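**Q** I'd like to ask you about the structure that follows.
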Amino acid sequence: MNGSKSPGLAGFGILKNTTCHTEKKISVFFSIIFMTVGILSNSLAIAILLKAYQRFRQKSKASFLLLASGLVVTDLFGHLINGAIAVFVYASDKDWIRFNQSNILCSVFGICMVFFGLCPLFLGSVMAVERCIGVTKPIFHSTKMTSKHVKMMLTMVCLFAVLIALLPILRFRAYQIQASRTWCFYKTEHVEDWEDRFYLLLFSCLGLLALAISFLCNAVTGITLLRVKFKSQQRQGRSHHFEMIIQLLAIMCVSCICWSPFLVTMARIGINESRSKETCETILFALRMATWNQILDPWVYILLRKAVLKNLYKITRGCCGVHIINLHMWELSSIKNSLKVAAISESPVSSKQINLQPLSSMGQ
């Protein structure tokens, strides 16, 4: 009988020979801390988003706020559901045979791990694409990127993530209890069947693809904003758009640092049939790194705002005792001003005006 296809027995075979042990008190403590910090930070981000959405209702910023809201809501529910199940498992002394006879809890845990892992990555890439279109093609963004279209994209992203998470269940492949006996995921030990390897590679490839899309789009957006700053001769064009560029850099760094270890580890397990002795500890470390991404997401996307950057600039200038940057030349502009400057730089009328300025000065 194939144990991987038997719902009642799936995952229990790994409990017989566990090579990865975790300290119960320390693990419960860290799980509660991660869950609490994640819930508080995402709740604060949601409150800030709701307040910002009431103040700014223009189309250019409405799409960003909707996507950001979907991201922080997904992270919030991820911490609530996955954190609650993890704390319950630790509190029950990881005795899966006692409370998971029908493998329902493990299946739910595995589905949530996959969904709340991929969905924020997908939303991050969609946000990067949206910002890239808004800066490089502002007219197209203002006419086509409406709130209705953004809501449709959010729905499609969530449905796609749900489909990926339910794929093993639809194929009658149960999620497996991992060697640490603290969480459920795809089969990561003695992976020999091609389908088990396919799920691992699918998860890692989709996650890495989302990171690559985010990196490329954010790079294009940052380069475009810098070109607008250095090419435009008007006072409004001197604005460095410091707020957006800092957010783009933080988004790329946090996402790549937090998710790359876990995604690369899953890909390596999927490619290699046999797993090394260090795989269990490596997976746990990579999983905790990925958890930090959901904690840092609201601080990167929402809380790293203009007011915070201004205060940081004042503190830095006061500590250094010198004027590092001339503040009026480095205005922390909003997304609305960024789109205006991008539109002016692409307009042929503005380019003619810029070219005529040297001629008028020569005539004088």
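Note that Cβ sites are derived from N, Cα and C of the backbone, with glycine treated the same way.
TrEMBL does not curate its annotations; it predicts them automatically.
Okay, so TrEMBL annotates it like this:
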TRANSMEM  26-50  transmembrane segment
DOMAIN    41-301  domain 'G-protein coupled receptors family 1 profile'
TRANSMEM  62-90  transmembrane segment
TRANSMEM  102-129  transmembrane segment
TRANSMEM  150-170  transmembrane segment
TRANSMEM  198-226  transmembrane segment
TRANSMEM  246-271  transmembrane segment
**Q** Check the transmembrane segment (198-226) against the transmembrane segment (62-90) for contact, please; criterion is three or more CB pairs under 8 Å, pairs 6 or more apart in sequence.
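**A** Contact criterion not met.
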**Q** Counting only pairs 6 or more apart in sequence, are there at least 3 Cβ pairs under 8 Å between the transmembrane segment (62-90) and the transmembrane segment (246-271)?
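**A** These two segments do not touch.
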